[in-house]
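Participant: Quick one: this structure, given as structure tokens, is what I'll be asking you about.
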Amino acid sequence: MGAGKTTIGRSLARLSNKTFYDADHEIEARTGVRVPIIFEIEGEAGFRAREVETIRALTALNDIVLATGGGAVLNPANRECLRKHGFVIYLRASVEELYQRTRQDKNRPLLQTANPRAKLEQLYTERDPIYRELADLVVDTGRQGVQQLAQSILTELSQRHDIRSS
Ligand SMILES: Nc1ncnc2c1ncn2[C@@H]1O[C@H](COP(=O)(O)OP(=O)(O)O)[C@@H](O)[C@H]1O
Ligand SMILES: O=C(O)C1=C[C@@H](OP(=O)(O)O)[C@@H](O)[C@H](O)C1
Ligand SMILES: [Mg+2]
């Protein structure tokens, strides 16, 4: 949460002429309510069930950039879909950066606690190894803005493609 998946993903899609999907936005479009309402009515388990169906559907599409929610990688079925169909990019940020980028935003139910910094710390510790294991590319997002990061990811992807096809 706050790594930049939604904003950098959208920018990367624009730069690379691909269609952008955000799994959370897709879940909201399908249900007609925002993510916090799904958590409120169905709990995190209900949200995760919707997330797994949505990621299954979206990873079947070609020529897209997909931003998942940060917790999607907890489910092995999601990891399998992403690994099988995608080139997976881990956008890494420090806990402090994640906190600063999310502190004004009320749309992340897991962070609506008395101590969101501690929650981000806990999630980082749990998830960082999973993200690293899954990722084809790890990008540190601390020193560049959204546009620059999208551009450097595109450059990296084109170079890798050149290497593979030469
Ligand atoms: N590299 C960055 N530097 C500064 N702010 C950023 C960066 N990446 C994202 N942001 C900002 O952080 C906030 C959260 O980004 P978002 O794309 O929603 O993250 P995620 O989808 O990973 O939770 C947004 O306001 C976004 O503009
Ligand atoms: O990290 C998580 O478990 C979640 C991250 C959110 O997406 P972002 O990573 O885009 O904030 C969203 O899917 C939901 O609030 C749960
Ligand atoms: Mg997002």
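Including glycine, each Cβ sits where the backbone N, Cα and C put it.
Where the annotation comes from TrEMBL, it is an automatic prediction and has not been curated.
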Participant: Per TrEMBL, which of Gln144, Gln151 sits in the ATP site along with Gly2, Ala3, Gly4, Lys5, Thr6, Thr7, Arg108?
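Facilitator: ATP site check in TrEMBL: besides Gly2, Ala3, Gly4, Lys5, Thr6, Thr7, Arg108, the record includes Gln144 out of Gln144, Gln151.
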Participant: Give the residue from the binding-site residues Lys5, Arg48, Arg127 that has the most other Cβ atoms within 10 Å of its Cβ, counting over every protein chain displayed.
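Facilitator: Compared across Lys5, Arg48, Arg127, the most Cβ atoms within 10 Å surround Lys5.
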Participant: Which one is closest to Lys5 (ATP binding site) in space, judged by CA to CA distance, out of the binding-site residues Asp24, Arg48, Gly70, Arg127?
Facilitator: Gly70
Participant: Using CB under 6 Å from any atom of ligand 2, narrow the binding-site residues Ala3, Lys5, Gly70 to the ones that qualify.
Facilitator: Lys5, Gly70
Participant: Fill in the CA-CA distance, Arg108 (ATP binding site) to Asp24 (substrate binding site), as an integer in Å.
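Facilitator: About 11 Å separate the Cα atoms of these two residues.
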